[in-house]
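Beneath this line is the structure, given in structure tokens, with notes to follow.
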Amino acid sequence: MVLQKIFRAVIMGPPGSGKGTVSGRIIKTFGLKHLSSGDILRANINAKTDLGLLLKSCIDQGQLVPDDVMSRLILSDLRAMDQSSWLLDGFPRTVSQAEALDAVYSLDTVINLDVPFQTIQQRLTSRWTHLPSGRVYNTDFNPPKVPGFDNMTGEPLVQRDDDTPHTVTLRLKAYETQTEPVLEFYRSKGVLETFSGTETNKIWPHIEAFLHRKLPSVNQKAA
Ligand SMILES: Nc1nc2c(ncn2[C@@H]2O[C@H](COP(=O)(O)OP(=O)(O)O)[C@@H](O)[C@H]2O)c(=O)[nH]1
Ligand SMILES: Nc1ncnc2c1ncn2[C@@H]1O[C@H](COP(=O)(O)OP(=O)(O)O)[C@@H](O)[C@H]1O
């Protein structure tokens, strides 16, 4: 039996940089499990719990959810995937969250999508999301086969309440002040890999080649 090393990765980048889109390609090609903080938060909101109400008010104001709430939610989901290779998308977003993660797991790599802010605003206001799966579409870039409906399930797509121009501006500010310092945290640990560009289709081949080099021993579905 060949023992396969567990691979743990994080994908970072400003809102709209393509984290969800690239994560979809990574999990399809490399078979990692995907955990998206935004999807987890939206599932809680959908459940209409008290916690969900608090989360919705933070998200709709373009603010980050408090660190203790966020770290608790993510770390408890990660515990259930202890024996799997995973890709974390959207967490950590503050240095405090990065420290909470670092106390439990060491990361093999942190993929940083470096996409200019000017590119992002337009993308987010034309994003359509399938909330149950987190699959994203865009009226310009990857439109669904039937407008307004998910390709896989045929269920309706929605525009997120926080994808308005005003809230996107606030989210980009929060990214600059609270999330950019996390890049330095990982750079100093020697695990940060930055991919720059304005188009996912041009960035993706570089990420794919990098991951093929980085995880040769992990099950690669499309290899
Ligand atoms: N025009 C354009 N849209 C893109 C590109 N890559 C992703 N998108 C769209 O931009 C939006 C944001 O991408 P997403 O993966 O959700 O980014 P995230 O917020 O970082 O997770 C979605 O509507 C995507 O379909 C691209 O290269 N060009
Ligand atoms: N790690 C996190 N810490 C705090 N808040 C978070 C975190 N992840 C997501 N959120 C909240 O959920 C919102 C949506 O996140 P997400 O779906 O990842 O959006 P995007 O991919 O467009 O940046 C964020 O603007 C923020 O309010």
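Cβ from N, Cα, C; glycine included.
In the three-state DSSP reading, Gly16 (GTP binding site) counts as coil. In sequence order, Val115, Thr119, Ile120, Gln121, Arg123, Leu124, Arg127, Val168 constitute the residues six or more apart from Gly16 (GTP binding site) in its chain with CB-CB distances below 8 Å. Per TrEMBL, the feature GTP binding site maps to Gly16, Ser17, Gly18, Lys19, Gly20, Thr21, Arg127, Val136, Tyr137, Thr200.
The feature AMP binding site is assigned by TrEMBL to Ser37, Arg42, Gln63, Leu64, Val65, Gly90, Phe91, Pro92, Arg93, Gln97, Arg160, Arg171. Within the same chain, the residues at least 6 positions away from Phe91 (AMP binding site) whose Cβ sits under 8 Å from its Cβ are Val10, Leu35, Ser37, Met70, Ile74, Gln97, Leu101, listed in sequence order. Phe91 (AMP binding site) carries neither a helix nor a strand DSSP state and counts as coil.
If you look at the domain 'Adenylate kinase active site lid' (127-162), the same-chain residues 6 or more away from its ends with a CB under 8 A from one of its CBs are 16, 20-21, 24, 36, 38-39, 42, 46, 56, 59-60, 62, 168, 171, 200. Feature annotation from TrEMBL assigns domain 'Adenylate kinase active site lid' to 127-162.
Look at TrEMBL and you will find 36-65 tagged as region 'NMPbind'. Packing against the region 'NMPbind' (36-65) from elsewhere in the chain are residues 19-20, 23, 73-74, 77, 88-91, 93-94, 131, 134, 161-162, 166-171, 173-174, 178: each is 6 or more residues past its ends and has a CB under 8 Å from a CB in it.
Per TrEMBL, the feature region 'LID' maps to 126-163.
When every Cα pair among Gly16, Ser17, Gly18, Lys19, Gly20, Thr21, Arg127, Val136, Tyr137, Thr200 is compared, the largest distance found for this GTP site is 14 Å.
Averaged across the region 'LID' (126-163), the predicted model reaches a pLDDT of 95. Highlighted here would be the binding-site residues (Gln63, Val65, Arg93, Arg160) whose C-beta falls below 6 Å from ligand 1, but none qualifies.
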